[in-house]
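Have a look at the structure below before the remarks.
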Amino acid sequence: MGGAAAGTKWFQHLQRLSASKVSAEAVERGQNRVIDASLTLIRERAKLKAELLRSLGGVKASASLLGVPLGHNSSFLQGPAFAPPRIREAIWCGSTNSSTEEGKELNDPRVLTDVGDVPIQEIRDCGVEDDRLMHVISESVKTVMEEDPLRPLVLGGDHSISYPAVRAVSEKLGGPVDILHLDAHPDIYDCFEGNVYSHASSFARIMEGGYARRLLQFLIVPMYLDLDGFQVGLRSITKEGREQGKRFGVEQYEMRTFSKDREKLENLKLGEGVKGVYVSVDVDCLDPAFAPGVSHIEPGGLSFRDVLNILQNLQGDVVAADVVEFNPQRDTVDGMTAMVAAKLVRELTAKISK
């Protein structure tokens, strides 16, 4: 189990089972049944959607939503666990249409499907700890990928979900991917607040596992001009974050030099020589004027159009993506951030589907 803020419900549940003299073997059998049922539901949904697409024909790739409502690895607030249904609601909100900016229609199943959510809380209530929970998330992502032409577009959840998602994509494709990471924070700390699965440590786990060849990030910190990976939009980093960036060869772009770097960042070419491109968008990469509904508010971020320009102009085969860290409990401006997250999902869908 990870994080000081993690709920105690599962632990209390196990205490009650122990007091009732329920054997460890019986608990494990129950956990296995819940996990198997969870994966089976996602698998059957994915099979059904993929069979429909194959019968329609002419589809090389279709984005498929997979919700991962996990919030307990957040170092501050756990509200991102409530995000997936709010993002879905905003995607299909009647106040706007279902078209992406390049004209793809989300109500066309050849463009977008949905296989539902991984039942995170139900699994945790059975006493499943984070090592195994991360495996369940990875297996869920792989389950979607097994059904051609589906490609996973993961709805978080806090940013800890990116580790099992990227791991699954890399293992399923048989090699590393390039990652474009848009965020206010590097999320590359070795073990944040004693939690190796913290949302602030997801990219350390990814890089340690060899699941990414290049990682591009975006920060408000001194740039490392001699590095090889990519992070974009970051603006809050500590000494350890800088050291970890150097350790893993991450290219980190800072907001204060964005005007100088804009042309390069809006014309990125990734994925050559690897299995594809993974895009991870933390909603707090945006300035809070555009997206106030996040747990960690960091002024001085990207405009929404800046983010879309980076995503829409990205050259590369986007094989999977995630949108994370939207916190509905702080979305006080009448669902504004939900609509922002939904728009990000729409445009990532357009990037994935073909």
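Here the Cβ of each residue, glycine as well, is placed from N, Cα and C on the backbone.
A TrEMBL annotation is a machine prediction, not a hand-curated record.
For reference, TrEMBL has these:
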- His159, Asp183, His185, Asp187, Asp282, Asp284: Mn(2+) binding site (BINDING)
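Overlay of TrEMBL annotations on the structure.
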| residue | record | Cβ neighbours (10 Å) |
| --- | --- | --- |
| His159 | Mn(2+) binding site | 27 |
| Asp183 | Mn(2+) binding site | 30 |
| His185 | Mn(2+) binding site | 28 |
| Asp187 | Mn(2+) binding site | 31 |
| Asp282 | Mn(2+) binding site | 28 |
| Asp284 | Mn(2+) binding site | 30 |
